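Novice: So TrEMBL has the following annotated:
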type     : residues                                      : note
ACT_SITE : A:Asp126                                      : active site
BINDING  : A:Met73, A:Cys74, A:His75, A:Met111, A:Glu112 : substrate binding site
DOMAIN   : A:13-148                                      : domain 'Molybdopterin cofactor biosynthesis C (MoaC)'
There are 6 protein chains.
Amino acid sequence: MGFSHFKDGKAVMVDVSKKEDTSRRATACGSIEVNSETMDLIVNGGIKKGDVLGVARVAAIMASKKTHELIPMCHPLLLTGADIDFEIDEENLVIYAAGTVKTTGQTGVEMEALQMVSTALLTIYDMCKAIDKEMIIGRIYLKEKTGGKSGNFVNSKI
Amino acid sequence: MGFSHFKDGKAVMVDVSKKEDTSRRATACGSIEVNSETMDLIVNGGIKKGDVLGVARVAAIMASKKTHELIPMCHPLLLTGADIDFEIDEENLVIYAAGTVKTTGQTGVEMEALQMVSTALLTIYDMCKAIDKEMIIGRIYLKEKTGGKSGNFVNSKI
Amino acid sequence: MGFSHFKDGKAVMVDVSKKEDTSRRATACGSIEVNSETMDLIVNGGIKKGDVLGVARVAAIMASKKTHELIPMCHPLLLTGADIDFEIDEENLVIYAAGTVKTTGQTGVEMEALQMVSTALLTIYDMCKAIDKEMIIGRIYLKEKTGGKSGNFVNSKI
Amino acid sequence: MGFSHFKDGKAVMVDVSKKEDTSRRATACGSIEVNSETMDLIVNGGIKKGDVLGVARVAAIMASKKTHELIPMCHPLLLTGADIDFEIDEENLVIYAAGTVKTTGQTGVEMEALQMVSTALLTIYDMCKAIDKEMIIGRIYLKEKTGGKSGNFVNSKI
Amino acid sequence: MGFSHFKDGKAVMVDVSKKEDTSRRATACGSIEVNSETMDLIVNGGIKKGDVLGVARVAAIMASKKTHELIPMCHPLLLTGADIDFEIDEENLVIYAAGTVKTTGQTGVEMEALQMVSTALLTIYDMCKAIDKEMIIGRIYLKEKTGGKSGNFVNSKI
Amino acid sequence: MGFSHFKDGKAVMVDVSKKEDTSRRATACGSIEVNSETMDLIVNGGIKKGDVLGVARVAAIMASKKTHELIPMCHPLLLTGADIDFEIDEENLVIYAAGTVKTTGQTGVEMEALQMVSTALLTIYDMCKAIDKEMIIGRIYLKEKTGGKSGNFVNSKI
């Protein structure tokens, strides 16, 4: 087996024109470690609760629509839904993000879900970096996907 | 101290019009864990060595120029250089990326460096996902920056 | 009844994956008030008639294709037609714009039509602002739409 | 006097290369009329107060950075700040927006301020249109600007 | 017969909503003339063989997805494949490019194929211009297309 | 001498941070061969004279601002002027385009001028392709440039 994105050793946007339109969904996850001062401001801070995550959510949804502009061999797709949730682990100073994207199309939305989570975490970094530049973004991965020829997938490593 | 991106509780693109133009540089790092089949194809594979990383490099440099389109409160900047290196740890099945961005401007390029590394790793994921969907992107962080009012920064956690 | 773009209080790009593809059309209208010197130059001016509106038309059509990049919760759509008309009321110093967008898809093109008209009027402003900065853009609204689950709509307020 | 955006009757992006970099600021205003049900949901609704306006604010700031991509003859500029405020007139069912943009550059930021306000109002429309499609966006105008050869401007019509 | 992109003398994005979705493919070709020093560096140079063309290939594929953003009256399309080949004529100092794009949709992909080739050649120019600024890009044309109401086309001039 | 866009064999956006801001200008040229029916419609056609070229002009100016998004190793620049002229050779069935771009910056605007001309010609192709698909775009080249360390350049081949 080899890379689908190369044909005779050159990069291509893979021909999916023979694949059928199916309903597809993918969920990706990721996290960012912050320090206690940042966590405190995000949760109880001078600003009203949720705004950092509110801005990150809008950025993430907008980025999901830009995936094919960023990832060279990604096909453009008509996303039919995009949704991201955050979970705050105050004790361990971690914010978790889980993003789900849907489409009906000839290729999957794994990259869109990963792009969404990645942009959410980068936006959190941006909005908090005046306080702490040592945040670490970590463990971004595909959690599960449904639809398409390869069928359902659940990440067995997590 | 509070978040610079909020003014009276609302999100703003911070006013940097009084800040001086200085020469700035930032370096970010990140990594992706792959399985042995993927590592083998990247390093010795049927395709010519380096192509996956070659595509990822182009994607990364192009993404650095799109940072202010993706991160809502980021200022547009005239990047004067962008450069990304990969290091392959075959034994531990990890690919490391380190990206450096430069500008002469009123704000720093931390986000551009992080965006570059993030896009490189997502592109590697995209190009290898036909073989393995369980790759994990991990530990994206700012390594160091120079220039600007806050001066030089070296990440003490790494 | 509540906002469709929020789910449990958080912004989402609404899941339309169960909606059927239907043929859809939307028309939006708007206007800009100019002073008599500007009106004169647009209509009889030193430059050949129609050029300000010609540039505005191109800008408007191009903007209709960017709607989902600008409006955070808008779905990407394959527009199958876009068309904009201007009407000049010389006596009252008003330029009217009416833009129609079509698609076959799972959501409507109201925002695309509104975006088209809005960009046309902003472009007119831009091209005439050296003469008059006090132009007023006014009364941008959806005139009618057809297609989709909610069926036909004609604005009753106009 | 004629249009600066035409040279011998053809559209051009005006040559500003001889103009000096100066500190510039522009403020634009606009409004949207909603019905009482929409106003109620925005102010006291099932969702937490401010979210519609929170999403509109992010969209507006991001759109200010895209102005030169939308308005054909607009010069690209390095915005050094962008900020938007909303005022809710519950009694008269109107939401007002006022956006301010700053730069240090060779041309002004009038269009960026107008683009910001326009996108904020279109985003409010989008997020509320499931409830009411008869909202009217009205009276978008430049309120004031400072900097540049033509100096300060305050709109005398408002 | 007249121009399809004008309706009563004004530019429009032609209404294709009544056209059927068909499988479509288009191939465009082009070339660039370089000097012998540049040719030598591309083929045997200090850098590893293929990199100039590798970067041009990625740029070309990414540009094919941006065609509707660049060509005002082009419809957005979901490309289902994009692929570009280069042929080096060392003796005559010419690099040839041939790009093929596929979609299933209501309009063809001629412009996408032409955009792909055009961007590939401009990227080669950019990467070599430090050595030679007198390269000439020449003879970009549609070679063939299949699908759509007008059926198959093979350029008879070439 | 070697390629400036490669450092140790890998593609980079060259570091120009030590270069001085200078006033720069570049002019590129190109042409498209059409058939007599197309030429007749462009010049005397049912539509009003100049519209095809009017749309091409707007597209070209807008594309000049997108050059760094399309050409991977191009630096973003603040264009201070963009201007394109067409010349119609009715007898020989050729339309010529000449585009000039200006900036004050650390790198030149050769690519922006070439991008502008390339997009103008592609837009002409798009608007006329319903009549003739066998148009040939030919001989796109840099005519001259001024400014920058390498000084003035006039193409000796033309």
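Quick reminder: no glycine exception, Cβ is built from N, Cα and C everywhere.
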Novice: Going by a 10 angstroms cut-off between Cβ atoms, which of the binding-site residues A:Met73, A:Cys74, A:Met111 has the sparsest surroundings?
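Specialist: Selected from the binding-site residues A:Met73, A:Cys74, A:Met111 on minimum Cβ neighbours within 10 Å: A:Met73.
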Novice: For A:His75 (substrate binding site), which residues of its chain lie six or more apart in sequence with Cβ-Cβ distance below 8 Å?
Specialist: A:Met13, A:Val14, A:Val16, A:His68, A:Gly105, A:Gln106, A:Thr107
Novice: Taking the residues A:Met73, A:Cys74, A:His75, A:Met111, A:Glu112 listed for substrate, what is the greatest CA to CA distance in Å, to the nearest whole number?
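Specialist: Comparing all Cα pairs, the maximum is 13 Å.
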Novice: What residues, ordered by sequence, lie under 8 A Cβ-to-Cβ from A:Glu112 (substrate binding site) and sit at least six positions away in the same chain?
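Specialist: Correct list: A:Ala26, A:Ser64, A:Thr67, A:Leu77, A:Leu79, A:Ala82, A:Val101, A:Thr103.
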Novice: May I ask you to pick out the binding-site residues among A:His75, A:Met111, A:Glu112 with a CB closer than 8 angstroms to chain B's CB atoms, ordered by sequence, or 'none' if no residue qualifies?
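Specialist: Of A:His75, A:Met111, A:Glu112, the entries that lie near chain B are A:Met111.
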Novice: Give me the CA-CA distance between A:Cys74 (substrate binding site) and A:Asp126 (active site), in Å, as a whole number.
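Specialist: One finds 26 Å between the Cα atoms of these residues.
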Novice: What are the DSSP helix/strand/coil residue counts across the domain 'Molybdopterin cofactor biosynthesis C (MoaC)' (A:13-148)?
Specialist: 46 helix, 47 strand, 43 coil
Novice: By the criterion CB under 8 A from chain E, which of the recorded positions A:Met73, A:His75, A:Met111, A:Glu112, A:Asp126 would you report?
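Specialist: Sorted by position along the sequence, the hits are A:Met73, A:His75.
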